[in-house]
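Colleague: Got a structure here, written out as structure tokens. Questions coming.
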Protein chains: 2
Amino acid sequence: MDDRRSAARRDGERRAAREGQPVPPATVGRLPGYLRALEVTASEGAVLTSSDELAARAGVTPAQLRKDLSFLGSYGRRGIGYDVGHLREQITVVLGLADVRRVLLVGVGNLGHALANYAGIADRGFVLVGLLDVDPAVVGTTVAGLEVEHADDLRAVVRRTGATIGVLTTPAAVAQGVCDELVAAGVVGILTFAPGALRVPAHVDVRTVDVASELQILAFHDRARSVGGGAS
Amino acid sequence: MDDRRSAARRDGERRAAREGQPVPPATVGRLPGYLRALEVTASEGAVLTSSDELAARAGVTPAQLRKDLSFLGSYGRRGIGYDVGHLREQITVVLGLADVRRVLLVGVGNLGHALANYAGIADRGFVLVGLLDVDPAVVGTTVAGLEVEHADDLRAVVRRTGATIGVLTTPAAVAQGVCDELVAAGVVGILTFAPGALRVPAHVDVRTVDVASELQILAFHDRARSVGGGAS
DNA sequence: TAGATTGTTAATCGATTAACAATC
DNA sequence: TAGATTGTTAATCGATTAACAATC
């Protein structure tokens, strides 16, 4: 459609990636894995890496890795490989981790408690800014350095903290209700551990982690193995 | 390829589904959601349901739902809908939940502790049969009614309990090692909460739940929203 | 220059969607 | 019979794979 010349091409592609949508969902889903693989590589002191090495670390094929990275705008050098630090930085920017994201957690039961203390959150570009629950035995206690507030104050807490991401570890029965409140308060991303589909407006992104579902999927393959049986 | 006649067709399709592979992975991944939606429907006392209703509950389109169910062999009646109890049973069988699956959990830290007490495991066709850790402060204590054993005894515990599925909630640094031991002991399905790809032989199935990755994917969309900005 | 390794293209594969004939 | 709703087909879409020309 647009008739640019050779010199501008590479920059144009990078710009497109930076400004935009065109990174396919499947690719986005793999970027965190690449980032982690790069961190491991960096921790070993390597400055350069190859699609072969990085793909092996991330558990994908080299072709897949190169294709994925091409959507971000091509940060490697032919014949040489990828600069570990630079690529790491680029993926960090694309994933939106250059700015710290503020996270709110609702439901400080067993699982919520464990997640609040989970290093993976704080270490990877997120800050936990609030904890909410309805249980009077929990509200007011300190968990992971934060005082648990009452879920009735959800709206005020979102406003005060500027949280944009909510983690839902409530019982399934109240998940949709809390979800609605989070959305009304302005949260745009929700990670839920409650089973069952959540209804949200189009501008809100939901990711569901359902432990029981995961086990059931494993059970399917376990069964298929015994039923299909024996030799190939 | 095979030239069967009309009468045998329906049964043939059911047989194919029962005996086999041909359920696509994407469909398998949605079956637990359908099962849950059916359970909610059943709990409301309904005997019949439709693809419209069930799909809405599961958060998919009716076309998607019907297509998925067609891989299991067609258990609905045109003009009528699906029998809730019957469909529930069929999905249960296909997912391999007719038999109880024995689950072993390695890594009884914060998260492992929470999962051991998680009702979603016991309620949904699984039994937790063993808990393992290396921390002397944890080994020997009782969690969720089980005595935590030392991870050095992993092999013996798998043999004794007949566990086929392992849940990995160890630090990332030791995950691959524990994974190898689980596989060597005969476990065929692994659900890991440690970040990073696990290498396993082809006959073993791995599902990874990575909380940090999920948050990073949410961060991508959060960023895309602010960068892409304003009006559509 | 020769060898290495990317970025991109084209081919394949699988998943989703829409529409409708079959059938209750 | 008329209305409802499935199961299946065909069309579309997106993701993966393989191969290779570009280029360091």
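Residue positions begin at 1 at the first shown residue.
From the backbone N, Cα and C atoms, a Cβ is placed for every residue, glycine too.
Marked as DNA-binding region by TrEMBL: B:33-72. Summarising the annotation, TrEMBL assigns NAD(+) binding site to B:Gly107, B:Val108, B:Gly109, B:Asn110, B:Leu111, B:Gly112. Per TrEMBL, compositional bias 'Basic and acidic residues' is recorded for B:1-18. Residues or ranges marked as domain 'CoA-binding' by TrEMBL: B:97-197. For B:1-26, the entry in TrEMBL reads region 'Disordered'.
I'd like to know what surrounds each of these features in this structure.
Modeller: Cβ atoms under 8 Å from those of the DNA-binding region (B:33-72) belong to residues 17, 22-24, 27, 80-85, 87-88, 90-92, 94-95 of the same chain, restricted to positions at least 6 beyond its ends.
A helical conformation is recorded for B:Leu111 (NAD(+) binding site) in the three-state DSSP classification. Residues within less than 8 Å, Cβ to Cβ, of B:Leu111 (NAD(+) binding site) and separated from it by at least 6 positions along the same chain comprise B:Thr169, B:Phe193.
Summarised by DSSP class, the composition of the domain 'CoA-binding' (B:97-197) is 36 helix, 28 strand, 37 coil.
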Colleague: I'd like the number of other C-beta atoms within 10 A of the C-beta of B:Asn110 (NAD(+) binding site), please.
Modeller: 17
Colleague: Near the Cβ of B:Gly109 (NAD(+) binding site), how many other Cβ atoms are there if near means within 10 Å?
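Modeller: Taking every protein chain into account, the count is 16.
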Colleague: Among the binding-site residues B:Gly107, B:Val108, B:Leu111, say which ones reach under 8 Å of chain A by Cβ distance, listed as they appear in sequence.
Modeller: B:Leu111
